[in-house]
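Chemist: For THR49, CYS50, ASN51, ARG52, SER109, GLU114, GLY115, GLN116, GLN120, the entry in Swiss-Prot reads substrate binding site, with the evidence type similarity to another entry. The feature active site, nucleophile is assigned by Swiss-Prot to CYS50. Residues or ranges marked as site 'Important for activity' by Swiss-Prot: HIS99. Marked as NADP(+) binding site by Swiss-Prot on the basis of similarity to another entry: GLY189, ALA190, GLY191, GLU192, THR193, GLY194.
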Amino acid sequence: MNIISVGVNHKTAPIEIRERIALSEVQNKEFVTDLVSSGLASEAMVVSTCNRTELYVVPGMPEVNCDYLKDYIISYKDARNAVRPEHFFNRFYCGTARHLFEVSSAIDSLVLGEGQILGQVKDAYRIAAEVGTAGILLTRLCHTAFSVAKKVKTRTKLMEGAVSVSYAAVELAQKIFSNLSMKKVLLIGAGETGELAAKHMYAKNARNIVITNRTQSKAEALAEELGTNRVLPYESYKEHLHEFDIIITAVSTKEYILNAAEMQQSMAKRRLKPVIILDLGLPRNVDPEVGALQNMFLKDIDALKHIIDKNLERRRAELPKVKSIIDEELIGFGQWINTLKVRPTIVDLQSKFIEIKEKELERYRHKVSEEELKRMEHLTDRILKKILHHPIKMLKAPVDTADNIPSKVNLVRNIFDLEEPNQSLQ
């Protein structure tokens, strides 16, 4: 009984290799189904994202090892001309479990503490469960991984603090204004960065978001997605600057789109009510002199990156706590695996002694009263429990390596002359 894992991720392979190995959901279902239906695996699951494609497999045949699985997925993806075995990592036994726990808890992510990965692992398990390739081992492994992720989220601060520019901008605005639901927001630029910032704002209860963009249809599409349906023509948005408490700029331009003179006029109309300008452009969208104006808080990408660096430093400080949680869960999972491996021997041992007990009691069934027979059954049950206590305890006891399990199982089976067990869980 073994769970092995091979795969490529952001640590082992560049993006052009990861792209060649990635599986769509349809391919994922087909791949794990083929592995199990062919008998190559008794259980199989694949986690496939933009940063990783990882196989988690319970082999069904002796020849199915890490090298075999690497070759199998390379062939499946017809990628022999680009992908080599050295692009993959290998994991075995508890190493496989530790790796999935680290992935699920987001300490193996490209961005430390990035919470999206847990949902992707859950999707991988859902796919395997739907097609019937997640059996007792992968089911227990995945649910333990989900438990690890939950404990990491509730017991540590690993996922706290912004680690993207767009989210850091929104977090900063919330720190300054506290309640964003009462503030009016202008987003200048509806590209990827602007869209992320707007969605983060919306998630923080900012509902009064107005969008302007050179291509108005793009602004309208984002406004509709957010449910604000509020758009300003790009040619005239400067006439309304004084109306906004928060201005986010995220456009591609070589010249400043906002200068000090324009913002000074806007502040006069606002009677110096504070304004935050979050400049997410590169090159910068806003003249740095704007930041010198009274009650004008200007933050550019460098200022936001400083916040991100501090947050990442805080996240890294949480790693010992996270690893302690993983170690704790790994011990429990390893003990469960060991118990599963020795369970057939424990059942056989108990069955043999019960059979001996019943045969001996049968000899006296017609020689003693019903009451005496019950007392004899009770007495022999207690004796058997005490006799079997130590062998069963020894079988269940943790071992240093999985290789030691067969030796102690064989010892017990030989001592008590037990027949060979069913090999399905060995």
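Keep in mind that glycine also has a Cβ here, set from the backbone N, Cα and C atoms.
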Chemist: Determine the Cβ neighbour count for GLY194 (NADP(+) binding site): the number of other Cβ atoms within 10 Å of its Cβ.
Modeler: 25
Chemist: What Cα-Cα separation, expressed in whole Å, is found between HIS99 (site 'Important for activity') and SER109 (substrate binding site)?
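Modeler: That comes out at 11 Å between the alpha carbons.
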Chemist: Going by Cα-Cα distance, which of the binding-site residues (SER109, GLU192, THR193) sits nearest to CYS50 (active site, nucleophile)?
Modeler: SER109
Chemist: Cα of GLU192 (NADP(+) binding site) to Cα of ASN51 (substrate binding site): how many Å, rounded?
Modeler: 19
Chemist: With GLN120 (substrate binding site) as the reference Cα, tell me which of the binding-site residues GLY189, ALA190, GLY191, THR193, GLY194 is the closest one.
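Modeler: That would be THR193, nearest by Cα distance.
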Chemist: Where THR49 (substrate binding site) and THR193 (NADP(+) binding site) are concerned, what is their Cα separation in Å, rounded?
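Modeler: If we compare the Cα positions of THR49 (substrate binding site) and THR193 (NADP(+) binding site), the gap is 21 Å.
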Chemist: Work through the binding-site residues one by one (GLY115, GLY189) and point out the residue whose CB has the fewest other CB atoms within 10 angstroms.
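Modeler: Fewest other Cβ atoms within 10 Å, among the binding-site residues GLY115, GLY189, is found for GLY115.
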Chemist: List which of the binding-site residues ASN51, SER109, GLY115 have their Cα within 10 Å of the Cα of THR193 (NADP(+) binding site), in sequence order.
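Modeler: Candidates kept after distance check: none.
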Chemist: Rounded to an integer, what is the Cα-Cα distance in Å between ALA190 (NADP(+) binding site) and ASN51 (substrate binding site)?
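Modeler: So the Cα of ASN51 (substrate binding site) lies 26 Å away from that of ALA190 (NADP(+) binding site).
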Chemist: Determine which residues of the same chain, besides THR49, CYS50, ASN51, ARG52, SER109, GLU114, GLY115, GLN116, GLN120, have their CB within 8 A of the center of the CB atoms at the recorded substrate site, and list them by sequence.
Modeler: ALA106, LEU110, ILE117
Chemist: Using Cβ-Cβ distances, find the residues under 8 Å from GLY191 (NADP(+) binding site) that belong to the same chain and are at least 6 apart in sequence, listing them in sequence order.
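Modeler: Result: ALA250, VAL251, SER252.
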Chemist: Which of THR49, ASN51, GLN120 has the fewest nearby Cβ atoms, counting only those within 10 Å, among these binding-site residues?
Modeler: GLN120
Chemist: If you count Cβ atoms within 10 Å of the Cβ of the residue listed as 'active site, nucleophile', leaving out that atom itself, what do you get?
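Modeler: Other Cβ atoms within 10 Å of the residue listed as 'active site, nucleophile': 12.
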